[in-house]
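Swiss-Prot lists Cys325 with the feature active site, nucleophile, giving sequence analysis as the kind of evidence. Feature annotation from Swiss-Prot assigns active site to His423. Sequence annotations record features per position, and here Swiss-Prot assigns domain 'GATase cobBQ-type' to 246-431 based on sequence analysis.
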Amino acid sequence: MSLMILGTSSHVGKSVTVAAICRIMIRQGISVAPFKSQNMSLNSYVTRDGAEIGIAQAMQAFAARVLPSALMNPVLLKPKGDSTSQVVLLGHPYKDVQIRDYYQETDHLLEIAVDAYHQLVEEYGAVIVEGAGGAAEVNLYDRDIANIRLAEHLRLPIVLVADIERGGVFAQVYGTIALLPEQIRPLVKGIIINKFRGDPTLFESGVKTLEDLTGVPVLGVIPYTRLDLPSEDSLSLQDKERQTGLVRIAVIRLPQIANFTDFELLERHAAVDYLLPGESLDGYDCIIIPGTKNTVNDLLALQASGTAAAIRDARGQGVPVIGICGGYQMLGKTVIDDGSEARKGTYEGLGLLDLVTTFEGYDKTTVQVQRTAAPVPPILDAMGTVSGYEIHMGTTVLKSGRTAFAGEGAVSDDGLVFGTYLHGLFMVPAAAEALLSYLYSQRGLTFTGIEEQNEDPYDLLADHFEAHLQMERLLTLCSDHTPETPV
């Protein structure tokens with residue numbers, strides 16, 4: 001009882017569609033798990049057993065009310081720049097590869113992915129498979145282990161998702177189906193039109209046109225909605241407009257920014273802007289340097305753009321500066337690379353904390369943690385015990401000063417500069433409230449507290465899809481599926 005969700009392009013809503021279907025199915029008592037054979041993302045999540053997967057698959061697992069597992073995302077590609085990506089295989093670092101070399105390994109990786117899928121089927125019964133990017137990338141058909149080659153092996157019913165907000169939805173859908181290989185085209189059993197602005201009934205003639213053109217039923221027209229769910233990739237950063245608010249926070253949009261979902265709770269209560277290196281930091285109440293897949297290269301980008309100097313100037317004016325993971329490493333005096341991170345050498349950090357980070361070998365830390373913040377005012381002392389996860393290479397040694405959390409991180413004497421390896425810190429309400437309360441107080445204001453979500457966002461998502469999706473018809477597709485002989 002499984003289904004494959006493909007898209008006409010990236011960012012059409014495949015991930016949230018899978019999450020919605022998973023939550024709808026589990027609410028109906030159907031055991032289900034998500035699966036994406038290959039994901040390319042710098043936003044990742046660490047499972048309970050220390051495996052690293054794409055954050056979208058973790059989100060989908062939560063929607064399905066199951067624990068995230070490396071089987072749900074057996075191949076994760078984390079771009080490092082210069083056409084190089086780190087390959088995370090079944091949750092653990094495999095190797096760094098050039099894209100051209102990666103394509104030489106797709107047969108091997110596909111075998112691993114198919115095996116992971118079958119393990120999920122055995123454990124959960126139903127699996128909702130998500131493709132990657134656009135399904136009709138004809139130049140990649142022979143090595144596309146997330147869409148076409150996977151579809152050839154699994155022979156699942158396919159539902160195609162298109163984003164009408166972008167325009168050209170008829171060409172998107174018709175063109176994608178027409179370009180699919182002959183043996184895959186008959187597997188397309190349904191179409192979902194996503195992100196419709198306005199009354200979906202106004203698109204009834206469009207639905208008929210699409211069905212006449214393709215011979216495939218449209219299973220739903222999903223109106224555009226905003227929900228508090230994690231974003232998967234940096235494309236979503238391009239959709240974020242400059243914010244206005246009582247308190248302004250600058251998050252440096254590093255070239256290889258990773259896990260920017262760390263700040264989505266802050267975005268609900270402050271004006272959080274993601275600024276490229278070189279953009280002005282004037283007028284911001286706090287500066288956050290986020291995680292990165294390449295600390296050395298992004299540190300050099302900060303220095304070359306003048307942002308490193310601007311951060312030091314802001315610190316001199318009393319603006320809090322916070323570093324998360326790679327950003328924490330940059331706050332130190334020195335970064336030493338044996339060549340495993342980027343290029344061999346010793347690099348000057350921002351010098352705001354007395355610490356040294358060394359990259360040596362290919363060891364990677366991936367672990368869920370719980371830590372107590374140091375009793376250092378005016379921010380950390382209000383956090384208490386927090387939880388999150390570490391995903392990093394390199395080791396950091398604090399030469400002098402205090403740790404920010406029990407046994408980890410660093411904080412300045414005045415408490416206004418601190419760094420930690422802890423991803424997810426500001427998704428903890430107490431931590432976000434501690435920071436926001438201080439920032440509001442500096443403006444002569446009182447922060448009224450983190451707004452509690454009374455309803456589960458996954459239930460809200462499922463309700464939204466159920467209202468506009470022919471779910472019974474879609475479940476029938478799943479139920480009617482019997483594996484065919486792979487081509």
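Note that Cβ sites are derived from N, Cα and C of the backbone, with glycine treated the same way.
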Around the Cβ of Cys325 (active site, nucleophile), other Cβ atoms found within 10 Å total 25
The residue listed as 'active site' and Cys325 (active site, nucleophile), compared by Cα position, are separated in whole Å by 7
For the domain 'GATase cobBQ-type' (246-431), provide the mean pLDDT of the predicted model. 93
DSSP three-state assignment (helix, strand or coil) for His423 (active site): strand
